Amino acid sequence: MDNIPQSINPIPAFYCCYLLRSTVRHASLYIGSTPEPSRRLAQHNGDRTGGARKTSSEKLRPWEMVAIVSGFTNRAGALQFEWAWQHTKESRHAEVERCESEQLGTRGSSRTGKEVKRAGKPRTSLPNILENLHILLRSPYFSEWPLEVWFFSADVWQVWSQPKGNLLDNSIKVVTAFSSKEAGDTNRREILGKRIETLDTGYDALIEYVEKSQFLLESEEAIDCGVCKQRLNPRNDMIAICSHSLCRCASHLLCLSAHFLEAAGFIGKLIPKEGTCPACLGKLEWPTLMKEITLRLRGQEEVKRLLGRRRRTEQVGKRKISNHVSSEKGESEASMPSTDAKTMALPIRSHPSVGGSNFGKLGRSVGSAIRTNTDNGSVKAVTPEIEFYRRRKCNAKKNFSGLYSTPRINISDWDNAEIIE
């Protein structure tokens, strides 16, 4: 679609509400919202500029992020949930029973039998805050949102898991990101910080999805809606593409929404949470489809930046592979036996009958690879292996002639000379 105003931003890649707890005083808790949990946690701990007044006390630092609620499609929705989580009693989304249970209760006195006022749970206690979260996620308003709850601390998860009456809707995912061995770990803050840093808060997971959609819609191929079978107009229609890499199914957004709601039995609602592709029957999540559509139509600059970064990453990877292959090739060539006689050291085995002088001649003959032809003055290269083999071949003879033979004594002519008296 070409009539989308460029001032409208795509759906944020990530936005969450979070729960902080002081590692010094566990009773001190804080609720906030952010698109970048790792950066925000560093601000609260004073490692970066920013933060909040309630978390600025050095007596309470460092803070740890023990739970988050993610899946918000815009900043306004996250701020709305944050306020409702902080002021559940005043929120119109909380159940009436919750408001009544927070009022001061009564109990009978064991001495007089009269009813006396009993103080309720502190509003800022961990069980109270998690109970408020449970109530909001069960409310008719927020239960329709595609929210996920993440827990990074085992003890907080245990408090959450305690019975709270009604159950959550199955569509709300609850994720535990901790191990059972972390309770007494001295590096707890470092472990939690690393877990927060590993959260996927960008569009990197969608870039291949957007590339496939652009290639499919920008081609000259005629495409029909996967639901109503009518011809799609990429310039005017809001089109949703299947998120599975091998599926080319495209549908009108309203057609696909109606298909999902009808299959789930949610007649009368407008926004589904998930469904199955009409073509490949694969599971599709509605927030993922909407993120891709808004990123493709409203975030062209972001798509260009992501594609450029990915190409640079691929080029760096190719260079590393090329350098690694070249280094391995060089090492293999260096490990091969060299044919240069000047650097070659062949093992020379001596025979028991070989004297020291003859052994030296053999070594010099092997070490010399270049000889000069005295007849024509040309240089003749002699392979050391061949020269060595020729001289060792004489070693098989019993009389050890040649280099290994015993020195011959020439008979002088003076032996036959006539003696003159």
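Cβ coordinates come from backbone N, Cα and C, glycine included.
Per Swiss-Prot, the feature domain 'GIY-YIG' maps to 13-95; the stated evidence is sequence analysis. On the 0 to 100 pLDDT scale, the model's mean across the domain 'GIY-YIG' (13-95) is 95.
Taken from Swiss-Prot, the feature region 'Disordered' covers 34-57 (among others). Long-range contacts of the region 'Disordered' (34-57) within the same chain, counting only residues at least 6 positions beyond its ends with a Cβ under 8 Å from a Cβ of the stretch, are 12-16, 18, 20, 63, 65, 68, 75, 193, 196-197, 199, 201.
What Swiss-Prot records for 96-120 (among others) is region 'Disordered'.
Residues or ranges marked as zinc finger by Swiss-Prot on the basis of sequence analysis: 225-280. Remark: secondary structure over the zinc finger (225-280) totals 12 helix, 10 strand, 34 coil, with classes taken from DSSP.
What Swiss-Prot records for 310-339 (among others) is region 'Disordered'.
Annotation source Swiss-Prot lists compositional bias 'Basic residues' at 310-322.
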